[in-house]
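Here is what Swiss-Prot records for this protein:
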type     : residues : note
COMPBIAS : 26-38    : compositional bias 'Basic and acidic residues'
COMPBIAS : 47-63    : compositional bias 'Basic and acidic residues'
COMPBIAS : 66-75    : compositional bias 'Gly residues'
COMPBIAS : 91-109   : compositional bias 'Basic and acidic residues'
MOD_RES  : Tyr198   : phosphotyrosine
REGION   : 1-157    : region 'Disordered'
ZN_FING  : 349-365  : zinc finger
ZN_FING  : 369-384  : zinc finger
Amino acid sequence: MATGGGAEEESQRGRPQLPLPARPVARVEEPEGVREKMGWAQVVKNLAEKKGDFREPRRRDETGSGASGGLGSPGGLATPNPGDFPPAARGDPKGRRRDPTGEASDAYRKKSASGAGDPSRRKKAEVTAAMATPARPGTTEDATERPLQDEPPAAGPGKGRFLVRICFQGDESACPTRDFVVGALILRSIGMDPDDIYAVIQIPGSREFDVSFRSAEKLALFLRVYEEKRELEDCWENFVVLGRSRSSLKTLFILFRNETVDVEDIVTWLKRHCDVLAVPVKVTDRFGIWTGEYKCEIELRQGEGGVRHLPGAFFLGAERGYSWYKGQPKTCFKCGSRTHMSGTCTQDRCFRCGEEGHLSPYCRKVIVCNLCGKRGHAFAQCPKAVHNSVTAQLTSVAGH
């Protein structure tokens with residue numbers, strides 16, 4: 001049956017139709033059966049008036065495909081893209097796929113409206129929406145790398161800070177990375193364990209690396225090995241260790257003419273004057289032969305006048321020992337003065353009681369042990385001496 005609009009329809013098909021601008025019009029109920037009699041151009045015109053210009057700008061590849069002309073499309077009109085139309089609602093007979101983001105947000109809005117007064121339902125809806133919403137590109141983050149909100153902070157190494165600063169003194173452009181300092185210098189060359197280190201901090205662009213240790217013993221170990229390795233291994237070239245945490249940390253050397261002095265007695269004497277951070281070790285020469293020296297890491301104590309230094313010479317029993325470390329002042333063995341040495345000293349000092357003013361043969365005072373520092377006994381009878389402790393153990397074993 002002729003519709004009366006055939007000529008107009010044919011003329012409209014011959015040239016592309018542009019959507020008309022949207023303008024507000026009153027919605028008029030169309031009588032049933034009128035849509036079947038309208039032509040293609042009239043249908044497009046009515047849709048443009050009711051919906052507005054709902055088409056999105058086509059992408060470059062879509063424009064090219066439309067220009068070439070697809071099969072089944074009217075001449076001069078581009079093939080409609082399903083993405084140009086709004087997503088279908090639930091129950092849509094055409095069965096278009098919906099955006100999961102839109103579904104999640106719709107569910108969240110509906111549940112929020114229905115359960116606004118129920119906090120548990122609202123929280124559950126938020127979790128459901130978050131799980132259904134896909135992550136944006138570039139924002140995917142490994143869960144293991146994201147810090148936990150409730151994780152307690154790491155425990156510090158103690159009240160004090162045990163720091164060294166490793167400085168690179170070469171060309172700035174050749175400054176190694178933090179991984180090199182940690183892996184090559186601290187872990188491999190020094191032989192430290194990762195658990196011994198509290199933190200290694202480098203300010204971006206800086207050539208300084210602050211290393212914090214968990215204890216004074218680990219710091220002393222680092223310093224001792226560093227002194228041995230810095231001249232032997234090329235990895236320490238252009239590196240220097242500065243800014244030690246405490247000026248009272250020292251590497252002490254002790255020497256006796258008698259090599260039979262027990263190292264435990266040396267430690268007992270040292271603990272009277274300083275804090276021993278590591279057990280003394282023997283010093284050997286280039287042939288591997290012991291020189292008679294002991295070396296250990298100590299921390300000097302603070303006194304009323306500042307740092308309390310160790311004497312340069314002392315006695316353990318009848319054996320005379322010598323001590324030295326960097327920064328140790330030279331003092332007179334008799335009176336402790338820094339203005340002269342014992343060879344020119346005119347002061348008398350008793351080595352029996354440790355007081356000045358008289359010599360040992362004329363001493364009438366109570367003897368003082370030069371090992372433990374207590375009165376009433378000499379080194380030979382000192383209960384802290386190794387020879388007495390061993391004798392006591394053997395005596396107790398023989399008695400049973």
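Backbone N, Cα and C atoms are what each Cβ position is placed from, and that goes for glycine too.
Predicted, not measured: the structure shown is a model, and the values here were computed from it.
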- [ ] Determine how many residues of the zinc finger (349-365) DSSP places in helix, in strand and in coil.
- [x] 3 helix, 2 strand, 12 coil
- [ ] State the mean pLDDT for the zinc finger (349-365).
- [x] 83
Task: Number of helical, extended and coil residues in the zinc finger (369-384), per DSSP - done: 3 helix, 1 strand, 12 coil
Open item on the list: Validating a neighbour-count step here. Other CB atoms within 10 A of the CB of Tyr198 (phosphotyrosine): how many?
Closed with: 20
